[in-house]
Amino acid sequence: MRASGGASPRPAPPKRSATPTTTKLPVPASSSLAMPAPRLAHLRRLLSLHSPPPHPLAPSPARPLRPSFILPRAMAGAAQAGAATGSAEYEEVLGCLASLIKQKVRADTGNRGNQWELMAKYLQILELEEPIARLKVVHVAGTKGKGSTCTFAESILRSCGFRTGLFTSPHLIDVRERFRLDGLDISEEKFIRYFWWCWNKLKVKTGDDIPMPAYFRFLALLAFKIFSDEQVDVAVLEVGLGGKYDATNVVKAPVVCGISSLGYDHMEILGNSLVEIAGEKAGILKKGVPAYTVPQPEVAMSVLKQRASELGVSIRIVPPLDPRQLEDQPLGLHGEHQYMNAGLAVALANTWLERQGHLDRIHVKDHGTLPDQFIKGLSIACLQGRAQIVPDLQVSSECKDTSCPLVFYLDGAHSPESMEICAKWFSHVTKKDAAQPGPLEQPRSGINSKKILLFNCMSVRDPQILLPRLLDTCAQKGLCFDQALFVPNQSQYNKLGSHASPPPGREQIDLSWQLSLQTVWEDLLRGKKGLNGTSSSGASLVFESLPSAIKWLRETSQQNQSTSCQVLVTGSLHLVGDVLRLIKT
């Protein structure tokens, strides 16, 4: 409780759970490289809690705000959003957000539509029904490419001169990445102000009967508040999970809906068949609202068409964008698969402009290319962690050669289909003397190049499906990995809003999952020896932390600067975010 004239005392920190048993790290006998000693990051002293100062939008709380700063391992991807900002109040906000993360098993099918009726009550508490009804929404669901599609659509409409709001998930480094206004992450000041307005209103009105909303639902509610108060012309919303019961699906009348490529993902919640998964995604379709999708597997397409027919709308199938329509401009998001997402985004943006009466803002050309605003929007679109190439500047600054001997190729693929797409992209961009299209020129690989896999995935994924798809696709393209590194996500040990804080002792690190990933990989290699001479045959290593793996990669590349180390980081968007955080600081 806020006391007059001072801040409330800081609650006692929770006790740590019992530590797991020590796990020894295997180092292949064939490898002359020893596993580096652990270098655990120091925990930044957690800033003391203080009561938030009054905000123009924030009434005084009716009861104490006592956020829990301990981040459940199951929601590691929500971690460390405030490390770059350092604001004490921002860290307190992130602590409140962390308290909303529920330690619930994702495989519990009861999570499907879990207390969906509560969303209506939250909207009433925050008085958001009318503001949401006034938003001009582009709503996108899908298994693969929905974030990219939303990013392209937002960039197109922004290039047409509209004020845009974009809500995507997950974030990679900072939670504010999820909320973009006019193409930029929301400012810390605005985020704090809107957060307290929503938080305090909900705290006053919630209790035993109506609990506080869970983490993602709160973020979606916050997005609606931000976009309505900021008076955006268009709000582009990416579905978080599924569609029918997703928090974004409180929008009753979007301007246009889109469904990107469907595949097998989140099966523990959405179902084990494409029929079930497509049914969940089709839940965003609305009566009277135009809908678009991309070519789908036949069983999935039949579900989408049936649902559209029940609602009395047609769902149109959009082909991939023809690169010739871009007048030699590259897409801002790299990879051949992005032409599929770009084609869907063009259809969504064009329909939004048509239904809002703004087609006069664009000039349709006669020679079959896209309007200039569309080309500009598609070429400047930016989304981290999707087919992203980042040279390690720390290593390149210490090298005499102009090229960078250590380059990270980051892609958050985590489904079988996206793993195949990722493998095709990596194989294509790392071919001898190939240059990366886009603003950053890829250092030439030269004669000597070393392909290294840096991998982790969530335990709900099946590595016996993901890793074979990656390995087989690379082999078909003539690429083999010289080494594979398996690491835990760094954010697994983070506290929300703080620097990385792995457990203080090596004996506390549980690497059983990473060891099982290594076993799957080694078994695959043994089964594929001699296949066309393209099977990966290098050593595999398990590292106790991501920083130790990055350190090893840097030391290895510095010791032999004539060899280019090309590191594919994949399997988890959380891992990609952790790598970006480490190599960009």
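Every residue, even glycine, has its Cβ placed from backbone N, Cα and C.
The shown structure was predicted, so the numbers you read here are calculated from the model rather than taken from an experiment.
If you check TrEMBL, you get these features:
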type	residues	note
BINDING	Ser169, Glu238, His266	Mg(2+) binding site
BINDING	Arg386, Asp411	ATP binding site
COMPBIAS	1-24	compositional bias 'Low complexity'
REGION	1-34	region 'Disordered'
As a whole number of Å, the Cα atom of Asp411 (ATP binding site) is distant from the Cα atom of Glu238 (Mg(2+) binding site) by 19
Check each residue in the chain of Ser169 (Mg(2+) binding site) that is at least six apart in sequence and keep those whose C-beta is under 8 Å from its C-beta; list them in sequence order.
-> Gly147, Arg178, Phe216, Leu219, Glu238, Gly240
Note down the number of other Cβ atoms within 10 Å of the Cβ of Asp411 (ATP binding site), including every protein chain shown.
-> 25
